[in-house]
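Asker: Once you've had a glance at the structure underneath, I'll fire off some questions.
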Amino acid sequence: MREYKLVVLGSRGVGKSALTVQFVQGIFVEKYDPTIEDSYREQVEVDAQQCMLEILDTAGTEQFTAMRDLYMKNGQGFALVYSITAQSTFNDLQDLREQILRVKDTDDVPMILVGNKCDLEDERVVGKEQGQNLARQWNNCAFLESSAKSKINVNEIFYDLVRQINRKTPVPGKARKKSSCQLL
């Protein structure tokens, strides 16, 4: 079974843990409890393939920056999450993306831009078009709006990253047995 290392990044309070826990455990975490770093393993089926996802739920961008390079180096796919209710969380993502590309030393990194808390439409300050435009600027990066509370597009975030990783590095075919031939 193929393993995937996915990293959830964004400012504090955008709902990174809520999205991850909703995906892995199917529950919504109401209480805000700042994360230092949590790791989850979840077996899922994506496009008829069994996959083991290792999901790293990270601290807000302002904290524990020393650890960030390490999980950017080891991660294969990245969910960059902002809250549609806080413009600053959207603005923070540009630097985060640039850091990922610098650490990975490539522009071709499986990534999805996620506008979270779309159930709070009355409190929206970041328009959907802003997210779509930023995703376009980022080499047509995938983009979704989600809500951990209302279970909107939660699974799709992680499944999309798996599909991007599969497109970038297809599963190798079954290795052929090496045979040897001896002439006498």
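Residue 1 is the first one shown; counting continues down the chain.
The backbone N, Cα and C atoms fix where each Cβ goes, and this holds for glycine too.
So Swiss-Prot lists the following for this protein:
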- 10-18, 57-61, 116-119, 147-149: GTP binding site (BINDING)
- C181: S-geranylgeranyl cysteine (LIPID)
- 32-40: motif 'Effector region' (MOTIF)
Asker: What three-state class does DSSP give K16 (GTP binding site)?
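Answerer: It is helical.
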Asker: Counting other Cβ atoms within 10 Å of each residue's Cβ, which of the binding-site residues G10, G13 comes out lowest?
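Answerer: The binding-site residues G10, G13 were compared, and G13 has the fewest Cβ atoms within 10 Å.
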